[in-house]
Amino acid sequence: WVLPSSGCDGSILLDDTSSFTGEKNANPNRNSARGFEVIDNIKTAVESACPGVVSCADILAIAAADSVAILGGPTWNVKLGRRDAKTASQSAANTAIPAPTSSLSTLTSMFSAVGLSSKDLVTLSGAHTIGQARCTNFRARIYNETNIDTSFATTRQSNCPSTSGSGDNNLAPLDLQTPTSFDNNYFKNLVNKKGLLHSDQQLFNGGSTNSIVSGYSTNPSSFSSDFAAAMIKMGDIKPLTGSNGEIRKNCRKTN
């Protein structure tokens, strides 16, 4: 669940080669973005049924929607017709994807840069109702920050040593309550100071987005409908269409 670095064009799927540096090893993605083999399996099945028709970018968009639905979240009609990028940019991924240490003002401006509002920011952050984060990305929060529930911090410290370099890749669920259900517990956690990432808790820390978080924490249906709309909006960010890009045969490399 990251903002596309250059648009919804499947660029993150491209592997590094001796002559090309992709986005998989950009700071926000390295050891964090995973599950690429799932996309490979889908692509293989789709190519055998109708070769050269469905892009990897569309597969990503459909897989995101299906994953949310399977885990109990909302459904939406995914717009189709994206084409795949022939290149990727590690530097763009490093600069365009918000770090887990981001402040609310940084998050707001980075989302705004791709046409997403502060409400979209909060809504899409609700995707953190599922998924995992690496110890290195929440260590500073659980040991140093004060706007955190004490027992929650203690629980997380048990699997994330304070020393940098020790247990960096140990994982913890972004939503402690129901880590494999798509629901509104993420927002309830924020209200109770149990956001895992600094960037999560920034959404409910006395700032301009507090009221949106509060609303979602008590009204799961409004979160569901807003999330569906925000995912469609994010899927509209600079897609390649028409004769731009290509339909990759293999999602990991250009044709």
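Every residue gets a Cβ built from N, Cα and C, even glycine.
Note: TrEMBL annotation is automatic and uncurated.
Remember, it's a predicted structure, so these values are computed and weren't measured experimentally.
These features come from TrEMBL:
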| type | residues | note |
| --- | --- | --- |
| DOMAIN | 6-255 | domain 'Plant heme peroxidase family profile' |
| BINDING | GLY7, ASP9, SER11, GLU23 | Ca(2+) 1 binding site |
| DISULFID | CYS56-CYS251 | disulfide bond |
| BINDING | PRO98 | substrate binding site |
| BINDING | HIS128 | heme b binding site |
| BINDING | THR129, ASP175, THR178, ASP183 | Ca(2+) 2 binding site |
| DISULFID | CYS135-CYS160 | disulfide bond |
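What TrEMBL annotates, mapped onto the structure for a quick look.
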residue	record	CB count, 10 Å
GLY7	Ca(2+) 1 binding site	18
SER11	Ca(2+) 1 binding site	24
GLU23	Ca(2+) 1 binding site	27
HIS128	heme b binding site	23
THR129	Ca(2+) 2 binding site	29
CYS135	disulfide bond	20
CYS160	disulfide bond	22
ASP175	Ca(2+) 2 binding site	26
THR178	Ca(2+) 2 binding site	16
ASP183	Ca(2+) 2 binding site	19
Spatial neighbour of GLU23 (Ca(2+) 1 binding site) that is closest, considering only the recorded positions HIS128, THR129, CYS160, THR178, CYS251 and their CA atoms: CYS251
Listed disulfide-bonded residues (CYS56, CYS251), ranked by Cβ neighbours within 10 Å, top entry: CYS56
Which of ASP9, PRO98, all binding-site residues, has a Cβ with the fewest other Cβ atoms inside 10 Å: PRO98
Candidates CYS56, PRO98, HIS128, THR129, namely the recorded positions, that fall within 10 Å of GLY7 (Ca(2+) 1 binding site) by Cα distance: none
Nearest of the recorded positions (CYS56, PRO98, ASP183) to SER11 (Ca(2+) 1 binding site) - Cα to Cα: CYS56
Rounded distance in angstrom between the Cα atoms of THR129 (Ca(2+) 2 binding site) and CYS135 (disulfide bond): 17
For PRO98 (substrate binding site), the one of CYS56, HIS128, ASP175, THR178, CYS251 that lies nearest, given that the recorded positions are compared by Cα: HIS128
Pairwise Cα distance for CYS56 (disulfide bond)/ASP183 (Ca(2+) 2 binding site) [Å, integer]: 27
C-alpha spacing of ASP9 (Ca(2+) 1 binding site) relative to THR178 (Ca(2+) 2 binding site), in angstrom: 31
Rounded Cα-Cα span from ASP175 (Ca(2+) 2 binding site) to ASP9 (Ca(2+) 1 binding site), Å: 29
HIS128 (heme b binding site) to CYS135 (disulfide bond) - Cα separation in whole Å: 15
